[in-house]
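Chemist: Before we start, here is the structure in question, set down as structure tokens.
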């Protein structure tokens, strides 16, 4: 039932408050909304937040999950736990030039625990934890919003009072069902934002506990202030934004605990008045606590700086075009335009995209661009809110607006490009924390409208409609995050100018074997971004496989010309040149690839194939040996070594290499087959037979396996078994070279034996 009645207990609470907490105007007074007991409010928020994202529980690993989880060696048990503290979020060494410097060891630790409990890379467990985290955060929001909207007041028994039960429930529901959160919840990499938000809120709630009067009658508890700083540090070890809670705690202390009038304080400072204590700066130990928070924050940042190193992360122009603009004015205009788009995503989260880079948002290069209107609208709203937050005579209004703006702006600062360049244009995940401020401002605006409106229930129904639409949008967006195909295709209508979107759709199609469709999207990616070397490389690869070698060579040559250290493109160019029988150029391309990527087993493998074609057997064996040293499970390199040694008559060496390979990769049927051939030629028939049978058990439909086992039986004299396996081989592949001739020889021999026996 929608309640339009003021909380009956509120007028009788005044005598129960501590002296430090004066009663304030009740925000719920004119709001027509549900009034629920605290535990029911939290239950409702938990259930609705679960409902929004439940359908993502069985989704795949998508987009950045591959690099952060599947390809991240820090998740595996063989990697020492200590390495997590020296590696970035993606598993690279922080000291590496290629590191993004995203230091989130606690988030990676939770991924590792997920991996160990699941016994491998099974995404369900990862998704379930993300959903649980969001539900937990949404429940905590009920308490957080009750403080931010209703103030911090305690009973004589030290129990915190919720003076805004209706508006805090509304704000928590707005947060729980906001569609912009889908990336954080449905995308496993969003775990960083969720964990950061969890400890961010716990730090805030811990700081609030510091002002519950203790037994000694002190105004605040040093213990809880220190706990808050520690929780802030933990939040930062989950994601960098976490450090901003210390600044917000200081703002909260000044506005709520000390009821500081910022405008009055600024005026006193400008007039150089010495009565700072009267202005509230030194009241109740505010300056001491702010010093503690600043010292803690500075210490945390210093330790992180020491671990991370001084070098900034290396981003490219396509990641964040505005940050590479030569003109300071162009940079400033585009940064502000990005801020306005982030604000729009909070207000109208309908157009959502997994990636906003690579031309998705063209640069504003002139003040005549109509998009300047968005900047003007943003700053018109912000300046209006700031003026009200500073100049309003209503202390209650000043407090809520300042806290709303603080929670909106301060957590966003690390992503604002103001202090350092970031590697994205817009990232929906970084709005997770700032959306707290949005929910405060929306709820306060709703309370003001309710105060003026005559038909309050109609207004409440409209807000319910917004919540319902957001729930449906969350469910739809979560389903899009379940697979890469749906995720990438959903972005085509939102960011049709984004080359990365077309690239990812093409890559997904190529992985599924649809090369013709993949070519179309790769070509569009290159058209949108003529310097997109990864799209050129992948398109060149497909054209190479389709034997369109001339165009493949042109694309790959252009890719390495644009990015001379692109090792993969150099290797693929070498493969194309090898196919064109330009062996010297191919060899040069392979060595250039190895020069730019020292540990490149696939390139050594291809180099070995080139040397084998040129009958440079020793060089081929050395190249393949290098490949297996760098990647011991490189089956193709092991196989080629065995086959080359077998073909050149080095049976003993071939046998030794085969046994070494099978020790490292015991379940590889192709290695069993190659070694079985060598053993058969060495007349070790029994051992050869066992390996052939084991290989056939692993891959029963390989015609060559049955054919070569038949040859072994033929040599061995087991003619009936030879006949059986020749027939199986011919049934699987009637055109198998040599098998039909051997089978006919066997049949003639069997006929001769029958005649003799007759």
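Placed from the backbone N, Cα and C atoms, the Cβ positions cover glycine too.
Summarising the annotation, TrEMBL assigns domain 'DUF1736' to 311-383. The repeat 'TPR' annotation in TrEMBL covers 499-532, 533-566, 601-634, 703-736. The transmembrane segment feature in TrEMBL is assigned to 131-151, 188-208, 220-237, 286-305, 372-391, 403-424, 430-449, 458-476.
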Chemist: Check the transmembrane segment (131-151) against each of 372-391, 430-449, 458-476 and return whichever range has the most CB pairs under 8 Å.
Modeler: 430-449
Chemist: Which range wins on Cβ pairs under 8 Å with the transmembrane segment (430-449): 220-237, 403-424, 458-476?
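Modeler: Answer, by Cβ pair count: 403-424.
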Chemist: Across the repeat 'TPR' (499-532), what are the DSSP residue counts per state (helix, strand, coil)?
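Modeler: For the repeat 'TPR' (499-532), the helix, strand and coil counts are 27 helix, 0 strand, 7 coil.
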Chemist: State the residues, same chain only, that lie 6 or more residues beyond the ends of the transmembrane segment (286-305) and have a CB under 8 A from a CB inside it; answer 'none' if no residue qualifies.
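Modeler: For the transmembrane segment (286-305), the nonlocal Cβ contacts are 103, 210, 220, 225-226, 229, 232-233, 236, 243, 246-247, 249-250, 253-254, 257-258, 260, 280.
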Chemist: Please report, as numbers and ranges, the same-chain residues at least 6 past the borders of the repeat 'TPR' (601-634) whose CB is under 8 Å from any CB of it.
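Modeler: Long-range Cβ neighbours of the repeat 'TPR' (601-634): 567, 571, 574-575, 578, 583, 586-587, 590-591, 593-594, 640-641, 644-645, 648, 661, 664-665.
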Chemist: Would you kindly check 188-208, 403-424, 458-476 and say which stretch has the most C-beta pairs under 8 angstroms to the transmembrane segment (220-237)?
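Modeler: Most Cβ pairs under 8 Å with the transmembrane segment (220-237) come from 188-208.
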Chemist: Where else in the chain does the transmembrane segment (403-424) make close Cβ contacts, counting only residues six or more beyond its ends and a cut-off under 8 Å?
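Modeler: Result: 100, 148, 200, 240-241, 243-245, 247-248, 251-252, 255-256, 312-313, 315, 319-320, 322-323, 331, 335, 338-339, 342, 355-357, 382, 385-386, 389, 430-431, 433-434, 436-438, 440-441, 444.
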Chemist: When secondary structure is assigned with DSSP, how many helix, strand and coil residues does the repeat 'TPR' (533-566) contain?
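Modeler: Split by secondary structure, the repeat 'TPR' (533-566) comes out as 27 helix, 0 strand, 7 coil.
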Chemist: When secondary structure is assigned with DSSP, how many helix, strand and coil residues does the domain 'DUF1736' (311-383) contain?
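Modeler: Grouping H, G, I as helix and E, B as strand yields 36 helix, 0 strand, 37 coil.
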